[in-house]
Amino acid sequence: MAAQIIEILSPEEIRRTLTRLASQVIEKNSDLSELVLLGIYTRGVPLAHQLAQQIEMLEQVKVPVGAIDVTLYRDDLKRIKTRTPAKTKIPLSLTGKRVVLVDDVIYKGRTIRAALNAVTEYGRPQVIRLLTLVDRGHRELPIHPDFVGKILPTAAEEQVKVYLQDPDGRDTVELIKG
């Protein structure tokens with residue numbers, strides 16, 4: 001039986017969702033000069049850049065954006081055959097900053113746990129918050145996003161795929177069943 005693909009978010013819905021999320025981040029961070037967005041590779045990075053653009057449009061403030069590679073911090077390294085060099089790029093010390101980790105989908109919470117471990121190597125932030133475009137549930141760790149674009153209850157065997165203009169050439173979120 002062929003997989004069934006259901007569009008969950010259209011390009012317009014993604015745009016509106018990112019605008020709403022940017023507004024929520026602004027509301028929660030009165031001093032935007034202390035804010036840093038860290039996108040988690042792969043699709044968290046372009047999402048973080050889009051959020052920074054939205055914040056700049058709304059508040060005329062440039063927010064620094066970094067990229068974090070959690071590969072070497074994962075607790076399932078034994079299952080990973082190849083280890084790539086870390087692609088982490090953080091533009092400044094995180095000590096005293098208000099960090100928002102940005103990821104496309106949260107599932108079990110293991111990627112976020114790895115990201116938290118990675119962040120502490122770049123300083124001691126004042127606070128770390130989590131923003132995710134899609135929360136599909138099924139957490140194995142006590143991790144809960146502070147900002148969520150869409151809550152999407154799924155079955156364990158289903159997949160959620162996020163496609164973004166950069167790097168995929170289109171904006172859409174799909175649920176894949178079967």
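Just so it is clear, glycine is given a Cβ too, placed from its N, Cα and C backbone atoms.
Of the given residue ranges 99-111, 112-124, 151-163, Swiss-Prot assigns the label motif 'PRPP-binding' to 99-111. Cβ-based neighbour count (10 Å, all protein chains) for ILE106 (substrate binding site) stands at 24. Summarised by DSSP class, the composition of the motif 'PRPP-binding' (99-111) is 2 helix, 8 strand, 3 coil.
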